[in-house]
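Okay, so here's the structure we're looking at.
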Amino acid sequence: MAALESPLPGTPTAMRNAFGNVLSVLILVLIGVLAFSIRLFSVIKYESVIHEFDPYFNYRVTQFLSKNGIYEFWNWFDDRTWYPLGRVIGGTVYPGLTLTAGTIWWGLNSLNIPLSVETVCVFTAPVFSAFASWATYLLTKEVKGSGAGLAAAALLAMVPSYISRSVAGSYDNEAVAIFALIFTFYLYIKTLNTGSLFYATLNALAYFYMVCSWGGYTFIINLIPMHVLLCIVTGRYSPRLYIAYAPLVVLGTLLAALVPVVGFNAVLTSEHFASFLVFIIIHVVALVYYIKGILSPKMFKVAVTLVVSIGMVVCFIVVAILVALVASSPTGGWSGRSLSLLDPTYASKYIPIIASVSEHQPPTWPSYFMDINVLAFLVPAGIIACFSPLSDASSFVVLYIVMSVYFSGVMVRLMLVLAPAACIMSGIALSQAFDVFTGSIKYQLGASSNSTDDAEDNTSTNNAPKDDVSAGKTDKGEEIVKERSSKKGKKKEREPADKPSVKAKIKKKALVLPLEASIVALLLLIMLGAFYVIHCVWAAAEAYSAPSIVLTSQSRDGLHVFDDFRESYAWLSHNTDVDDKVASWWDYGYQTTAMANRTVIVDNNTWNNTHIATVGTAMSSPEKAAWEIFNSLDVKYVLVVFGGLIGYPSDDINKFLWMVRIGGGVFPHIKEADYLRDGQYRIDSEATPTMLNSLMYKLSYYRFVETDGKGYDRVRRTEIGKKHFKLTHFEEVFTSHHWMVRLYKLKPPRNRIRGKAKKLKSKTSSGLSSKSAKKNPWV
C-alpha cells in the first residue's frame, strides 16, 4: 500500500514534494544562519571576550587541554584553586564542552586555520545554537510533521531564554548541552516510531554526550522512564517502546559510569533509581505480552499470576535495596540541587550556599514573558493539538512541557530547559493554525470560483433551443428501460465509494472558517510573529549580550565603559608574586585564576562548604579576627567588589548577608541577627556595631567619604554610618578607576610589632627626655 501511495516520478505530486524538500533545506540553512548571527551582538558591541564567571574556568581548562593533551588533562591537579586543598580537575569537571572545543580547535589547526583557543571558545555556543535549532526541527517533525518542525526551529533560533546562555562568549556547559538534550529526545522519539535498534544505539551515545556535558542529564534519565511508565499504564506498550528504552538504560548507564565526575553515582544515587525501576517493570510487561502470544487463555491466566507474583517479589527486593541505600545517606541519596528542586524550601533551610546563587532562585512572572515572550500563550494551543490525535511521540512532548514548566518555576536556571519545549509546542500550534487558516482561505476562494462557473453553466443551459430538448426526450424514452436496470447496479457499486467522500467533505467543512475571519487571524499571527522577532532581537542586543567583566552605561554624556575588573586583574598579574594567594568571595575565583594567574582560596565550584564558610566568617568578623583567619590561610591580598560609587548593584555589600549565613552555618558565633537592625539590613547610621566593625564594611567604605564629602552610597541610596576610620591590619594597595574593585594587602605581623615597639620606644624616650630636661641645669 505504501508503494502505491507514493507518487510516481515526474508527476506533479512528486515534483511538488521535491520542491518542498529543497525549500525545507534552504529554510533550515537560513534558520542556522539566523541562530548564529543573532548571538554575535556581544562581539560587535564590545569585543571577543569570555563572559560571566564559570566560562573563565572552562576557557582555562580548554587552554590546558590544547597545550598539554588529553592524558595530562585527566590527571591534572590544580594547585591554583582552593588553597591549600587544591582540586583534581579531570575527576571533578564535565568534560563535554572542553573536549568539543578542543577537538574543534585541533581540527581547524590541522586544516591550517590558525584560530586561537579563545576565539574557538567564544564562537562555540553560537555554532551549537544552530545545531540545536536543526535538532528541534528533527524532533518536532517526528511528532507533527515538517511544517511544525520548521516553525519550532525558527522559534528556538531566537528564543531569549536560550540566547542568554548561548551568546558569543558564553562558554558554559549549556552551550552544547541543550543541543545534546534535544538530540537525545529526537533519537528516543525516532526509535519509538521506527523500532530501529540502530537509532536506539545512537540514542545511548547521544545520552553519553549529554552526561559528559552537563549535570542536567538527570532530567533525561527521569523524563524518559516517566514516559515509558505512562505508555505502559495507558495500554500503549509495544516492542518499539521496549527497543527505545531498554538499550538506553543499559548502554547509557554503562557509558555514563565512564565519565569520572559521575562514576558509580550512575547506579548509586537516587536520581537514577527511577530508570532502573521502570526497566524492571517493562521487562515484566514484555514477558506478560510474550506469554500471552504463546499460551491459551486459561494457561495465560495461570502464567500471569505466576509472573506477577515473581515480579512483585523481585520489585520488593529491589525496593528494599534502594531503601537501604537511600537510608544510609543523610540526604536520602539525593544531591543538594536535586532536593532543592523537589522541595523548593530545602536549600534556604539547610544549604545556603545553593540558595545564594542567583540562578537557583525561583523566577518571577515577568521573567517568563522576558524569556519566552509570546510562546507562553501558544503553548496551551500546542498541547491541545498534540491530543488530536494522541500518539506516543506527542504524549512525550506533552510530558516534557509539563515537567519543564514545574522545574522552571522552582529554579530560574531551568528556564533553559523550558525553552525547547515551549518552542516545540508553539511550533505545533502555529503550524496547525496556519494549516487551518490557509486551507480555509483556499477553500473559500475555490468555492467562490466554482459558484461563478456553475452560474454561467446554468444560464447557458436555460438558453438552449426547445427543439433540441424535445429531440433529447424522444431519444431518452427509448433507453429508459436499459438505464433503469443499469442504474440500479451502478448505485450499489457507487454507494460505498460515495459515502467516505461525503464524510470527508463534512469533516473538511467542519474545519473551514469564513474568509474574512481566516484573513484577520492570519494577519494577527503574522503580527504576533513580528512582535516576537522584535523582542528577541532586542533581548539579544541589549539584555543578554553584555559581558559581566566589561560594563557599560548610557548617559547624556554618551556611552561609559567600566573596565575595572580587567584593570584589577591586570594589576594583580603585574604587581604581585606568582605564588601570592588572593582571598575574595567565591564569585570571583574563576576570573582571578584565569585572568590574573594567582592562587585563590575559594572559587565558583563551591564543592567545599566549610572552606567557603571560613572566608565568609573572615569577611563578617572584626578586622583583627579576620586578619588572623586570612593569615592562617597564607593570604596576601583581599579583593572586594564595591559598587557604591557608580551604582553597581551586584557588589559584595549586597551579597554580605549570604556570607553571614554561610559562615554562621559552620561557625555558630556568627549570627545573622547581629547584622540586622529590627530585621532590616542597613549600612547607614542605624546599622549595628557588628555590621559597622565587620571587615567587609571597612574594606568597602574605606576612604569612601573622600569621593563626595558625604559618603553617599548610590546602590543603597543612603549615607554610610561610619565614615572616618583607619585600617590597622590591612593596607590599601589598589582601587580601580571607578572604585568597583578594591585590593588590600595584609600587613605582616613583624611590621605591626615593630610599629608597637617604635611607639613604646618613642614614649620611653620622650619620658626620659622630659626627666632629663628637668635635671638639666642649663635650662
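In case you wondered, yes, glycine gets a Cβ from its N, Cα and C as well.
In Swiss-Prot, the Mn(2+) site is described by Asp172, Glu174, and among Asp54, Asp78, Asp343 the residue recorded at this site is Asp54. Topological domains recorded in Swiss-Prot put Asn75 on the same membrane side as Asp713. Neighbours of Asp54 (site 'Interacts with target acceptor peptide in protein substrate') among the recorded positions Glu359, Arg413, Asn604, Asn608, Lys655, defined as a Cα within 10 Å of its Cα, are Asn604. Each of the recorded sites Asp54, Glu359 was scored by the other Cβ atoms within 10 Å of its Cβ; the lowest score goes to Glu359. Within 10 Å of the Cα of Tyr590 (dolichyl diphosphooligosaccharide binding site), the following recorded positions from the list Glu359, Asn604, Asn608, Lys655 place their own Cα: Asn604. Between the transmembrane segment (415-436) and the transmembrane segment (306-326) there are fewer than 3 Cβ pairs closer than 8 Å, counting only pairs 6 or more residues apart in sequence, which means the two stretches are not in contact.
A mean pLDDT of 88 is what the model gives for the topological domain 'Lumenal' (411-414).
For Arg413 (dolichyl diphosphooligosaccharide binding site), the same-chain residues lying six or more positions away in sequence with a CB closer than 8 A to its CB are Glu359, His360. The two recorded residues, Asn597 (N-linked glycosylation site) and Lys655 (site 'Interacts with target acceptor peptide in protein substrate'), show a Cα separation of 25 Å.
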